[in-house]
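K.L.:
Provided herewith is a single structure, encoded as structure tokens, for subsequent inquiry.
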Amino acid sequence: MATHKLLLLPGDGIGPEVMGEVKRLIDWLNSAGIAKFETDTGLVGGSAYDAHKVSISEGDMAKALAADAIIFGAVGGPKWDAVPYEVRPEAGLLRLRKDLGLFANLRPAVCYPALADASSLKREAVEGLDIMIVRELTGGVYFGEPKTITDLGNGQKRAIDTQVYDTYEIERIARVAFDLAKKRKNKVTSMEKRNVMKSGVLWNEVVTQVHKREYPDVTLEHQLADSGGMMLVKWPKQFDVIVTDNLFGDMLSDIAAMLTGSLGMLPSASLGEVDVKSKKRKALYEPVHGSAPDIAGKGLANPIAMISSFGMALRYSFDMGALADKVDAAIAAVLASGLRTADIKSEGTTAASTTQMGEAILKELQKLHA
């Protein structure tokens with residue numbers, strides 16, 4: 001049995017609590033002989049700043065580069081609001097993405113039947129929802145140069161951000177989306193603003209070319225990003241895989257997140273390119289929710305997004321799709337039983353702590369694997 005190297009980076013706030021539930025699951029998989037994971041732990045974000053005055057140390061970056069996958073908790077909090085910008089907690093995550101070459105962000109939005117009434121939309125609009133947003137992560141307006149604020153005099157300033165995309169960046173993110181669609185419902189919707197942005201014109205052109213040349217059997221639709229946002233809240237189940245740029249992906253994935261009822265439910269994956277020789281890719285998996293410092297240490301955090309993120313690691317880094325399916329099924333079974341953490345609690349359901357939810361999911365997984 002192959003040994004897989006995992007680096008656990010719990011981070012700040014509720015990060016260590018929810019990571020503890022993933023570690024419980026990993027330990028059981030190892031002891032049951034189902035998989036063989038070798039885990040190491042490091043500091044990132046505010047915890048790294050407190051220890052080393054950086055957002056991630058060189059030692060932990062080296063661990064990250066050597067790992068088969070990174071499981072990441074959350075970073076940030078008011079405690080570090082005044083630290084220098086270049087070592088702010090979020091800079092640790094940005095460096096991980098940059099140094100590992102993580103260009104594709106996968107954000108599934110799945111609505112479990114037991115939580116359909118927790119969504120802001122009607123049950124019929126979201127029940128059975130299962131969409132995947134593929135966001136380009138390393139290009140676009142967040143990284144384009146120049147990025148400046150200039151003093152024009154007379155009390156006036158000018159801010160400049162630059163939206164930049166090269167053909168290869170669009171091609172590789174398009175391939176990720178099409179490859180995912182082939183394993184799902186075989187449909188990709190590409191979203192941009194070609195009506196007002198030159199980068200949108202190129203995006204549309206390149207995605208169309210990749211589709212025609214390499215994936216003619218996959219259905220491709222194009223939609224303006226603002227219209228796409230409207231349709232996400234009107235009838236989200238029309239979508240399967242949505243592929244879009246960094247800025248629009250940031251916005252659209254957060255819109256999709258709230259369709260499911262709680263940010264505490266949603267995982268994500270950030271993937272690099274497949275290495276030609278090893279056939280492996282660098283990858284980081286993290287929950288969509290933040291560090292929630294207001295509830296840290298109280299046992300109130302929902303560990304489902306963190307556990308689901310580990311499930312994505314099983315699927316995309318270790319080719320353990322069947323085991324990932326069982327993790328998803330275990331979560332669905334626990335929710336169907338009426339167990340709820342505070343963020344998804346409703347009348348007639350049973351309140352659970354972080355640990356109780358994690359233990360319940362592990363018990364269901366053990367049943368499914370018996």
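Cβ coordinates come from backbone N, Cα and C, glycine included.
Keep in mind it's a predicted model, so treat the numbers as computed, not measured.
For 77-90, 290-302, the entry in Swiss-Prot reads NAD(+) binding site. Look at Swiss-Prot and you will find Arg97, Arg107, Arg135, Asp226 tagged as substrate binding site. Annotation source Swiss-Prot lists Mg(2+) binding site at Asp226, Asp250, Asp254, citing sequence analysis. What Swiss-Prot lists as site 'Important for catalysis' is Tyr142, Lys193, and the listing cites sequence analysis.
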K.L.:
Does DSSP put Arg135 (substrate binding site) in a helix, in a strand, or in coil?
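P.N.:
In three-state terms, Arg135 (substrate binding site) counts as strand.
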K.L.:
Starting from the Cβ centroid of Asp226, Asp250, Asp254, which together make up the recorded Mg(2+) site, report each further residue of the same chain whose Cβ lies within 8 Å of that point, ordered by sequence.
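P.N.:
The answer, listed by sequence position, is Ala225, Gly229, Leu247, Phe248, Gly249, Met251, Leu252, Ser253, Ile255.
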K.L.:
If you compare CA-to-CA distances from Ala296 (NAD(+) binding site) to each of the recorded positions Arg107, Lys193, Asp226, which comes out shortest?
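P.N.:
Checking each of Arg107, Lys193, Asp226 against Ala296 (NAD(+) binding site), the shortest Cα distance is to Arg107.
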K.L.:
Between Asp81 (NAD(+) binding site) and Lys193 (site 'Important for catalysis'), how far is it from one CA atom to the other, in Å?
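P.N.:
With distance taken Cα to Cα, Lys193 (site 'Important for catalysis') is 34 Å from Asp81 (NAD(+) binding site).
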K.L.:
In the structure shown, with every protein chain counted, which of the binding-site residues Asp81, Asp226, Asp250, Asp254 has the densest set of Cβ atoms within 10 angstroms of its Cβ?
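P.N.:
In terms of Cβ crowding, the pick is Asp250.
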K.L.:
Among the recorded positions Arg135, Lys193, which residue has the largest number of other Cβ atoms within 10 Å of its own Cβ?
P.N.:
Arg135
K.L.:
In terms of DSSP three-state secondary structure, what is the assignment for Arg107 (substrate binding site)?
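P.N.:
Its secondary structure by DSSP: strand.
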K.L.:
C-alpha of Gly77 (NAD(+) binding site) to C-alpha of Arg97 (substrate binding site): distance in Å?
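P.N.:
Here the two Cα atoms are 20 Å apart.
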K.L.:
In whole Å, how far is Pro89 (NAD(+) binding site) from Tyr142 (site 'Important for catalysis') when you measure between their Cα atoms?
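P.N.:
If we compare the Cα positions of Tyr142 (site 'Important for catalysis') and Pro89 (NAD(+) binding site), the gap is 17 Å.
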K.L.:
Could you check which of the recorded positions (Pro89, Lys193, Asp254, Ala292, Leu300) sits closest to Arg97 (substrate binding site), going Cα to Cα?
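P.N.:
Nearest by Cα distance to Arg97 (substrate binding site): Pro89.
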